[in-house]
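Residues annotated as transmembrane segment in Swiss-Prot, with sequence analysis given as evidence: 40-60, 89-109, 144-164, 184-204, 219-239, 280-300, 327-347, 354-374, 396-416, 425-445, 597-617, 719-739 (among others).
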Amino acid sequence: MEHTFQYAWVIPFVPLPVTMSIGLGLLLVPTATKNLRRMWAFPSVLLLSITMVFSSNLSIQQINGSFIYQYLWSWTINNDFSLEFGYLIDPLTSIMSILITTVGIVVLIYSDNYMSHDQGYLRFLSYMSFSNTSMLGLVTSSNLIQIHIFWELVGMCSYLLIGFWSTRTVAANACQKAFVTNRIGDFGLLLGILGLYWITGSFEFRDLFEIFKNLIHSNGVHFVFATLCASLLFVGAVAKSAQFPLHVWLPDAMEVPTPISALIHAATMVAAGIFLVARLLPIFTVIPYIMNLIALIGVITVLLGATLALAQRDIKRSLAYSTMSQLGYTMLALGIGSYRAALFHLITHAYSKALLFLGSGSIIHSMEPIVGYSPDKSQNMVLMGGLRKYIPITKTTFLLGTFSLCGIPPLACFWSKDEILNDSWLYSPIFAIIAYSTAGLTAFYMFRMYLLTFEGHLHIHFQNYNSIKNGSLYSISIWGKEGPKPVKINFVLSTMNNNEKVSFFSKKTYQIDGNVRNLMRSFSIHFYNKETSVYPQESDNTMLFPLLVLVLFTLFVGSIGISGVTDMDFDILSKWLTPSINLLHKNLSYSPDWYEFFINAIFSVSISYFGILIAFLLYGSVYSSFQNLDLINLFVKTGSKKILLDRIKNVIYNWSYNRGYIDVFYATALTRGIRGLAQLTHFFDRRAIDGITNGVGVASFFVGEGIKYVGGGRISSYLFLYLFYIIIIIFLLIFWSLI
């Protein structure tokens, strides 16, 4: 067994030969490498599969024996300073390794078809393999120095992946935004690491945890400084895992190819921040203020991410905000000390979210031949609808992923989210109420996404649709429905009343004037004929196979953490994890009984079903029937109440669609402020600093010229100066005598 652990150091480096081979091939024999580009997918999947098998073997041994293995190499720089490099194999490492490799494999298989047409296919594979290497190196690190090295490599890979389509301006801006935002967290992490080393004199985890704990308990270090160092470490995790207030890069990162979105949101970049907090939790637990801060940031992110997802039209942005919210649950669990529940939800969410992202990729892939290859159209849920009869396999897998994220039993996320909700009651009823309420919001926006995409009719075939990007010719109601909107250009819509406002339940269709239609026809595509032969098609088998694999994970991975609800011992996760860090369940024999489990589950599931019901009433196939029968209007009479309700809906929509105005605040308070400061500094530098130096030079020039002119050897110049000084002296004498 120990023989197996001795070779665990190879785990991060197994996928690396693919990146190196592709790079050397493109450098030395570019033509042959590009001609055989599809061949590189096989070694990418093969090497990552070897890593997965090795990681699984280590995990099985840990489950059976609860072993923790660490190996260190000491590098002595001088007598007073030495660095230790090595690897650490503990339950957290094995969990993250399996998560990274399994999700990475299905994403690579999926990408072989999805990215086959892209000219950057080889670059895509090299980036993906190097990203897996960086993430595996991060989770196997045994000290803070290695953590920081691989942390920066993960950030670099994320920058390269987000900017994969760098020729598109929005993608280039997105990768820069992600890079700058994460540099804030990286700087905080570096300062925190240096501060901890100054306190403890060690970078290695075990020594650092023990020394730090003893210093805190014995008052051997200033408590404020120790809290500051721990806070700086947490800032790095906040930025990397897109937690409030450094979450603004996440929705813009959806400019990447969809397989990259699945990898980033499930197993790599956003999971790195959660891993860091879990790894350093022994430091955070001895400082209660930090634990409270972690829980507070988590619960704010939970609610913020859910509210921002309510009115999104882009299917990938909706999933991005969902990731932000679900990682908030994980951060909340870590903040309240529920270590097991946090890692459990990290596992279940990773597979469910990978399924949803790859499912959205299949949807986008089916829509692109119809609406074009612009993300503004192919990812717009308003142009979808009715896809269930065209892509039934994708529909089924996406529905299962949706139910899982909504917390519907017996799917994966139900078990982990329910455990977090229960533990939150023990920590803070206020946090618990927010977490439970957000569970209902999650069910609402996830089922809204499903209904807009798969139910009803294919919206793109509606009469009067055109593919113009400008929203002035068509508009979307606040909840994603198509509706009228006043046109502010010099077109005349014959039946539109510009004073009429968009109604929440309105389905009225306005006819476009013939002149306008003729003008539009010259630069847009029309789908007036509902019987057109162009319809979405189901994806190829190489894209459907990963979806089916992830469905199996979504169905059964939750069973590894079922605790106390059956007579059989299925709780593999508790055997896997070292439970001593869990502050809430210190009694290892504690587990909820059947009655307690069902009471808690019924409450949380009822909230989820309520959110699904609201979404179904607003977007389901019976929506038009409810409207025609005025069942909804029975509850909302015309008058002040309806006006108030419309205002509330508009406030919610504006908050969600404008990203909570946080980006606007950053653009106003930070971006413009920094630019103004830069302009002021530039002005001061040009006018003051350069003015002084240039003034000295100019003055020296004129003085020199004057001296040169006076001392040129001319008698006339000497006489002139002599008379000039005589006149000055006489003038001064006269002036002095008068005084």
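Glycine is no exception: its Cβ is also placed from the backbone N, Cα and C atoms.
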> Does the chain bring the transmembrane segment (280-300) near the transmembrane segment (425-445), so that three or more CB pairs sit under 8 Å (pairs 6 or more apart in sequence)?
Replying inline: yes
> In the same chain, who gets a Cβ under 8 Å from the transmembrane segment (40-60) while lying at least 6 residues past its ends?
Replying inline: 4-5, 8, 10-11, 14-15, 17-18, 21-22, 89, 94-95, 97-98, 101-102, 104-105, 108-109, 111-112, 122, 125, 128-129, 132, 136, 576
> So which of 184-204, 327-347, 597-617 is most in touch with the transmembrane segment (396-416), counting Cβ pairs under 8 Å?
Replying inline: 597-617
> In terms of Cβ proximity under 8 Å, which residues at least six beyond the ends of the transmembrane segment (425-445) contact it?
Replying inline: 295, 299, 302-303, 306-307, 309-310, 312, 318, 322, 325-326, 329, 332, 336-337, 405-407, 417, 584, 603-604, 607-612, 614-615
> Which residues of the same chain, at least 6 past either end of the transmembrane segment (327-347), have a Cβ under 8 Å from a Cβ in it?
Replying inline: 92, 95, 99, 241-244, 270-271, 273-274, 277-278, 281, 285, 291-305, 412-413, 415-417, 419-420, 423-424, 426-428, 431, 435, 557, 560-561, 573-574, 577, 579, 581-585
> Do any residues of this chain, six or more beyond the ends of the transmembrane segment (144-164), have a C-beta under 8 angstroms from a C-beta of it, and if so which?
Replying inline: 12, 83, 85, 120, 123-124, 127-128, 130-131, 133-135, 137-138, 171-172, 174-176, 178-179, 182, 186, 189-190, 193, 196-197, 203, 205, 208, 236, 240, 253, 255-257, 260, 263-264, 268-269, 272, 276, 279
